[in-house]
């Protein structure tokens, strides 16, 4: 009895850490808001206006698309027991393939009534999925170290995409496909007229896709057999094997889904801009790694991962806006450290992110 | 009655080993059948074959009179055979219901979603039918081992199992839970289920089984009705020779003091005093036993002696020198051997093969290490010697420690520690989980050590063992050494009283105190 009591108390203490964090975040926003209202023309006032502006929300949604999709993919892979740190590479591959295929089809033409940009989008997903299949075979069939294989996926993509762009376009960046090779805004009448929040209903199709994918992923993980198998495969694969479910098949599915979802994210990124940028870290620029941070932060819960991605994307959006306000040239490199600093703080203070027990371990069935 | 399971001439060969050799086995429907044998006798292999995890090299399986060919557990499950492994196959963060239905989830919405309400109802009905008391919504990580085992049984029943195989089901249970499990057996057989359980404990086999099949070296050496046999007969079948149930110990005159403990106090990991003012000495050529219910300070006392814990106050001397604060390495180098309580945690590195495990503790000293390099040839010979001499099975020095059964792991640890040629052996539960043959062997070695003038500290919760082997016996209660008695004259009742924390009055004491006691 006293034991149960102690347990309850420790749960309470842990909860209050998380709550404390949430309350703290909201508190900071409220404080900024209050100061902004009280002192017009102050820094706080500028910040308040930026945070509550419709265009900030709009760009936060846009910026979160690749992070959210990669994070959802990462959840599937890692929950099934395969740590996929190659998400960044998958984003790069699909971002490039998306633009390349759209361009090859001809930005303003279509295939069987499917506009080129959607053909490119699907091609991007396909490329990323094939890449993840390769990763899955290496990890599951040949039992390579998942971390090393994941790094290889990233490094190969980081070299291959700009190289291919160089061959095709003579520069690491692709040509700009113009508005025909870019996703349009889909504006929903009436709803889009709501002040500020209307931004949600005046966005590219990939933003809607994201808002659909998050609850769908949550449903799949929590309410379908497949979701339960994914969890069992990552926690105790032997338990799954002994009830007659093929663990490796579940893991292949998990990794391939990470390929599909990262593919959506990567192609969405480049086709929202109409161009692939291959300079330096490419246009993906660490979003795949931030996605890993986001799902860890969200404790493998798709809703939590979305929240974390949105927070990181929101900070980036605010930072971009701040650059335009005279006197606040905050270096973006500084802002980019925020997700990583946050996750260290969260992991240190909250310590509740529960990594699947068998994540990173090969599974060999008892058969011989 | 009809035959539920019939195994006909099962042989299983692994590279270099014959695990099962032409085994026949018949089990009647609605009975409890025990599979008895020593560690490595092939019990688990045989059952893994029946469950489809291994394919037999030769022989056939008949279920309800029909010959079956199992290529995977799935086939066995479909034929109504379920197995509950020694290590539970449960997913900790999932609920009891989710675990039970895993892989066979009831669906709704055209099969798109799991029907959790339906699943919960089915689990509740199932557990009510067999009188199990489980909360369908509790998470596995929050329930006791006994409940987890019931979940495993329910899992098999949910899949329509008529034959339940349990691999050493009592190894992880408290005595109370063992009784409850046997009640469950009764309930299940009354409802027509057939139970096969693996064990190496004679007592529980006699209590719970209707019939017993004894395996030795992979062969069936006899199937008997428990009503027509005795423990001694079963033990003889198991080891193939007559066994002494109680170790023989001849008193001899002890020599100089090897280990001295003075006014020792120590705290447990939570900072609560666990050892209160311990005083005793252990001399050459004697076995000093420490009895007591687990958790009365024995572990902390031993950790102080072996250098794993620093005492709060007091002194420990070894071979005439104060070693209270000496590092563990120095104690090892000075010839102190230690058979730890928890073999997984402290005895072996599970991911290492036996070759590497064989030099743990001596990895830095001659003859294994010279000038910072390890002489692997010598290390391999050493491991091979331990395996041969201590009959570790299978005799494969290149296999990882985790692939061995608990009993064989223990034999290897005991072998490694004894091979050090120690002056003092600190042995905690040296025969826990070990079969009779190996237990006798370990006991004999402890007596050999004593005969050659070494000192032994023996901690065991097995009263027969500690009373039979020791020359003097200390009884601990709540961190205190209640008394040191002569094990040859003390009665079990008197030890029981001491273990419960009651002193024995002086008149009685005079008859049970050992001669030459140094208190």
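Every residue gets a Cβ built from N, Cα and C, even glycine.
The structure displayed is predicted, hence computed values, not measured ones.
Some features that TrEMBL has for this protein:
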- A:21-39: transmembrane segment (TRANSMEM)
- A:59-77: transmembrane segment (TRANSMEM)
- A:89-112: transmembrane segment (TRANSMEM)
- A:118-140: transmembrane segment (TRANSMEM)
- A:147-165: transmembrane segment (TRANSMEM)
- A:196-221: transmembrane segment (TRANSMEM)
- A:255-277: transmembrane segment (TRANSMEM)
- A:289-313: transmembrane segment (TRANSMEM)
Legend entry - Dominant neighbour of the transmembrane segment (A:59-77) in A:21-39, A:118-140, A:196-221, A:289-313, by Cβ pairs under 8 Å: A:289-313
Legend entry - Criterion met for the transmembrane segment (A:147-165) and the transmembrane segment (A:21-39) (at least three Cβ pairs under 8 Å): no
Legend entry - Within-chain partners of the transmembrane segment (A:196-221) [C-beta distance under 8 Å, separation at least 6 from its ends]: 52-55, 57-58, 61-62, 64-65, 68-69, 72, 75-76, 79, 183-188, 227, 230-231, 261, 264, 268, 271-272, 301-303, 306
Legend entry - Spatial neighbours of the transmembrane segment (A:255-277) far in sequence, C-beta under 8 Å, 6+ residues away: 62, 65-70, 72-74, 76-77, 80, 82, 84, 87, 90-100, 102, 117, 120-121, 123-133, 135-136, 139-140, 161, 165, 172-179, 181-183, 204, 206, 209-210, 213, 283-284, 287-288, 291
Legend entry - Distal contacts, the transmembrane segment (A:289-313) - CB-CB under 8 A, six or more residues away: 60-61, 63-64, 66-75, 78-79, 85, 87-88, 214-215, 217-218, 221, 265, 338-340, 342-343, 346-347, 352-354, 356
